[in-house]
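**Student:** According to TrEMBL, the feature active site, proton donor/acceptor maps to Y135. Among the features that TrEMBL reports, active site, schiff-base intermediate with substrate is placed at K163. Per TrEMBL, the feature pyruvate binding site maps to T47, I204.
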Amino acid sequence: MEKFKGIFPALLTPFDENNRFNEKALEQLMEMNLKKGVRGFYVGGSTGEAFLLSESERKQLYRSAAQIANGRCTLIAHIGAISTDQAAEFGRTALECGYDAISSVSPFYYGFTFPEIKQYYFDLVGQVELPMIVYNIPKYSGVTLSADNIGEFLSDDRFIGVKHTSNDYFAMEQFKSAYPDKVVFNGFDEMFLAGLAMGADGGIGSTYNFMAEKFVKMHTLVKEGRLSEAQPIQKEVNRIIAALIKVGVLKAEKAILKMMGIDCGALRKPFGQLSKEEESYVYETVKNLF
Ligand code: NGF
């Protein structure tokens, strides 16, 4: 499980000026983060605009990230879709590309029952021979997986962990204590230290794209029992995240990377873009990172 413990940027998907997938920028983004000591990448998640990509674009993204990584780090493919068959198809691509694990949000929109959601995940692990990391993100999926629900997955060997983008840290402590050998990823970057305190083994986050070094440092300090030294870093990170939340997190992240020399283009519509004023506000907030 060691290869899953640490810092995993939830990769942004870069686009070029014609709104096409930009492999070169993806390479720049991954190389910059590898130099900062990340353990691996979460490819094609919420941050990667998974649900705004066509099927062929998503497959290309999995392939490109695997080629760029070239065995240097751990790769997790987010394969989530509303349809089981489509998610399984993405899972087969991840397997062909040599990914270390697959992950999925719960199927959403139709208000599926928990037995239906459970069947979705078990169908996927039945069809794709890769370990599964369940992705609990109630804010976006509208589905809240309780500690008991999560236990129904973690009791099966094919489920190796959970990515918990939820501020229910009581639940996190409960499923981590019940399954200490499974891997738990903290999802909210602004609560990273809280997650580590409640048992997370690391994190998957969007703001890691441009400030992974801060999370690598906090993770190391906490492992060494130096929590009080990590707290000022979390405060600094939260000052930045508070500004991002005001203007739109993903828009701001792409703008910051452009300021850092990695042009990831715009978000896919219907996302809009930052105004000039918002861009200046973001620049003033993060300029000491450059
Ligand atoms: O975007 C959200 C939803 N959460 C992300 C992250 O959990 C998403 C988080 O980093 C992710 O990992 C993925 O792309 O699949 C936030 O952007 C960050 O904490 C700022 O709020 O809330």
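Every residue, even glycine, has its Cβ placed from backbone N, Cα and C.
Remember, TrEMBL labels are computer predictions, not curated facts.
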**Student:** Between T47 (pyruvate binding site) and the residue listed as 'active site, schiff-base intermediate with substrate', find the distance joining the two CA atoms and give it rounded to the nearest Å.
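**Tutor:** So the alpha carbons of T47 (pyruvate binding site) and the residue listed as 'active site, schiff-base intermediate with substrate' sit roughly 14 Å from each other.
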**Student:** Using a 10 Å cut-off, grab the number of neighbouring Cβ atoms around the Cβ of I204 (pyruvate binding site), all chains included.
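**Tutor:** Excluding its own Cβ, the number within 10 Å is 28.
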**Student:** Can you grab the distance from the residue listed as 'active site, proton donor/acceptor' over to I204 (pyruvate binding site)? Cα atoms, rounded to a whole Å.
**Tutor:** 11
**Student:** Determine, to the nearest whole angstrom, how far the Cα atom of I204 (pyruvate binding site) is from the Cα atom of the residue listed as 'active site, schiff-base intermediate with substrate'.
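**Tutor:** The residue listed as 'active site, schiff-base intermediate with substrate' has its Cα 7 Å from the Cα of I204 (pyruvate binding site).
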**Student:** Would you mind pulling the DSSP three-state label for T47 (pyruvate binding site)?
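**Tutor:** For T47 (pyruvate binding site) - judged by DSSP and reduced to three states - the answer is coil.
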